[in-house]
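K.L.:
Encoded as structure tokens, here's the structure I'll be asking about.
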Amino acid sequence: MLVLLGFAMIAVFMVLIMTKKLTPVLALIIVPTVFGLFAGAGLGIGDMVMDSMKSMTSTAALLMFAIIYFGLMIDVGLFDPLVKFILRKLGNDPAKVVLGTAILAAAVSLDGDGSTTFILTTAAMLPVYLRLKMSPVVLTCVAGLANGTMNILPWGGPTARAATALHLDVNDVFVPMVPSLIVGLIVVLVFAWLLGLQERNRLRTTAPEIWGDVADPSEAFDGGTRRGGSVAAGSGSGFGVGGGRFSFGRNSSAATAAKPGTGGGSGVAVLEDPATLVDDHDTAMADTALDPNRTTLRPKLFWFNLGLTVAVMVVLVANIVPLPFVFMVGSAIALLVNFPKVKDQGAQLIAHAPSIVAVVSMVMAAAVLTGVLNGTGMVKAMSEWLVQIIPAEMGPFMAVITGLLSIPMTFFMSNDAFYFGVLPVLSETAAHYGVDAVDMARASITGQPFHLQSPLVPAILLLVSLAKVDLGDHHKKVLWRTAVISVVMLAVGVLTGAIGIG
């Protein structure tokens, strides 16, 4: 009964958020509550949720103050030069921008922390996406793919958990999986390039007033490195992120489209002229994604803000003090120095309140789902049932089966629950068929790309919140791709002998 209720609860939850029948917060609260009562939790359901919520408070604090800190840094202009640099290096080609996003996310993921990766990737790339009218869902998808694939690094968590649970050396688990990691990253880059090509075509269709086929490469927008040309008249439409404003001109008269017979015909969607993106009173927008005239800019404090951010990142990576406290202190110092007046400090906090409420409410609501899953015994019953239904003749393939099971199971349960609760049981069963524990450990980490997209993972809630993307939209684009990456990594592990068959 618990098995049926558990799987039904997960299915109903996913359907509701992906079809947008309920917001993720409401689905995380209502669905587990209903199924928990059916499971016989009764009044004890409150204690289950409270016990689960205790482990969420530090995460909520971390995400809350991280949003304040990096939102503030965007507002004061710390990332404006970076955005300008990215635009100049990548140009305005969506395929290159998306590919650059994947590379950046993968590089930052080397620190092993998903929240840090998503904060930095979003801070650097979201202004570029909005500047070029690209979909932020593509950003969250690619960042999720890259970070999920890199999540098997030994200092990232899952690999260490698998090694600890089965009493193995973490290097014995990770090193043979390096080929799988490399191939997984290649697949991520392929997906990123294909998504970029899709954005080219979409933007050429949906924004013909500023996107088109440029026959002469010299006509393409170079990211703001050239000046000149008339500025299109018209009213701008703003896209707010924090305290900044992204402006795009609507009534363009400066566009120069490719003409038939003029050569070219590459079919690459490019901005026809930077002037088409700016208002007649805001010509500097050709050089930066953020409004250079916003009142929150603090150019004289650039080096202070850069030094403070570097210090925060160093302490964050060194992990010498609790992460929430790092961002608390960093936010307090940044607010005090950049906005000495109490009124301005309050205005900054209010400016970022929507993002804070969105992510913190989802983290707290996730405590209802995890509390019911664990408190009612659904997780334990589901894992035991999965072990029991594996036919004896499939025993020699237990490592492969474990890899496949890790894809859905780590999605609806925590890594701790899977690696310390389910993996030892699977490994003990596999031992009867001659499958080594180290093979089981290696196979178990291949589901991490899929796991990281779970609404139970605070980092992914932070990502969609910062990018202002609906979780259901993110899942529609990312889940099947992460499943492909997980299966590919598992297959490579088998082919290279890292994951053996008994």
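From the backbone N, Cα and C atoms, a Cβ is placed for every residue, glycine too.
Summarising the annotation, TrEMBL assigns domain 'Citrate transporter-like' to 14-447. For 29-49, 61-79, 99-130, 137-157, 177-197, 301-319, 349-373, 385-405, 455-471, 478-501, the entry in TrEMBL reads transmembrane segment.
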K.L.:
Taking 3+ C-beta pairs under 8 angstroms (sequence gap of 6 or more) as contact, is the transmembrane segment (385-405) in contact with the transmembrane segment (478-501)?
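P.N.:
These two segments touch.
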K.L.:
The transmembrane segment (137-157) vs the transmembrane segment (29-49): three or more C-beta pairs under 8 Å (separation of 6 or more)?
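P.N.:
Since fewer than 3 Cβ pairs under 8 Å link them, the transmembrane segment (137-157) and the transmembrane segment (29-49) do not come into contact.
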K.L.:
Tell me whether the transmembrane segment (478-501) sits in contact with the transmembrane segment (177-197), defined here as at least 3 Cβ pairs under 8 Å among residues 6 or more apart in sequence.
P.N.:
yes
K.L.:
Would you mind listing the long-range same-chain contacts of the transmembrane segment (61-79), meaning Cβ under 8 Å and 6+ residues beyond its ends?
P.N.:
115, 119, 122-124, 127, 241-244, 290, 294, 296-299, 301-302, 305-306, 309, 312, 323-324, 327-328, 330-331, 334-335, 338, 348-349, 351-352, 355-356, 359-360, 363, 458, 461-462, 465-466
K.L.:
Any chance the transmembrane segment (349-373) and the transmembrane segment (455-471) are in contact, meaning at least three CB pairs closer than 8 A with a sequence separation of 6+?
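P.N.:
Contact between the transmembrane segment (455-471) and the transmembrane segment (349-373): present, because at least 3 Cβ pairs are under 8 Å.
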K.L.:
List, by number or range, the same-chain residues at least 6 past the transmembrane segment (177-197) whose CB is under 8 A from its CB atoms?
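P.N.:
For the transmembrane segment (177-197), the list is 93-99, 101-103, 106, 138, 141-142, 145-146, 149-150, 152, 442, 445-446, 449, 481, 484-485, 488-490, 492-493, 496, 498.
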